[in-house]
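Reviewing the structure listed below.
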């Protein structure tokens, strides 16, 4: 027969071991957990990532850094954070959203708490708009219930059928709860090429007038973007109640990239591949890009989007 002391000791050890294994800090080192309430972003890490990986976008870096850190440090935000990123392809919109997602949830786009929607993949048919709206509401409700600090990224907003995105309007508004769920800790990000022409024109006007690129401020572009996107029939935000109700916290402009920024992208890609940076190759790749306007050739018309593919043909060098 077992001694009472032995039985008690075994039960005590088992209880302690169970308690240790179920402790959040231990459990979450092996299984991804939703961040604890009150957990703040690492401001230094976020700034370093933006400085080291996002080139030529002083406006976007400044606005997003301040907006995200202010939101993270607020113990009781009145609404979710809603950012709308605009600019031509290859200027860094996807890159910035990935950096932000990684800072909120270390697994980034692989995280079960980060959700990426592509307009042409998830909402392809115009005659299914009503169904998409119902599915989108159910999906967001379920995921925010599981993790209040969920991140939702909507790419290709310029290709989304008008009306679909209005389904999330109740979740973005100033409500403490909607059907018993609080959305005030979630982050929503729109990515769109819409408004890119307006941004490019403003940047070119600055250049033509002899002003520095770094002197362009948010106030120079944000009003143009909000009105332009709202009235753009080829945008998923056309006459959207989300804009009408002023629920987008920031319209973030991404400026067209100059050749010096393209070269930064090439150097970063070479370093990421483990190559020594060869300035001859950097210049060769930059020279293979096409630039606009046709006469001045100031801005890359694809940003850094094709840098990886163009660098591939130089690998043998």
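Counting starts with 1 at the first residue shown.
Heads up, the Cβ atoms here are built off N, Cα and C, so glycines get one too.
All TrEMBL annotations are machine predictions without curation.
The ATP binding site annotation in TrEMBL covers 87, 88, 89, 90, 91, 92, 93, 94.
The feature domain 'Torsin-1A C-terminal' is assigned by TrEMBL to 257-312. Confidence in the domain 'Torsin-1A C-terminal' (257-312), given as mean pLDDT, stands at 95.
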Other residues, Cβ within 8 Å of 87, 88, 89, 90, 91, 92, 93, 94 Cβ centroid (ATP site): 95, 193, 254, 303, 305
Cβ neighbours of residue 93 (ATP binding site) where a neighbour is any other Cβ within 10 Å: 28
Residue 91 (ATP binding site), number of other Cβ atoms within 10 Å: 32
DSSP residue counts for the domain 'Torsin-1A C-terminal' (257-312), split into helix, strand and coil: 30 helix, 5 strand, 21 coil
Other CB atoms, at most 10 A from the CB of residue 87 (ATP binding site): 30
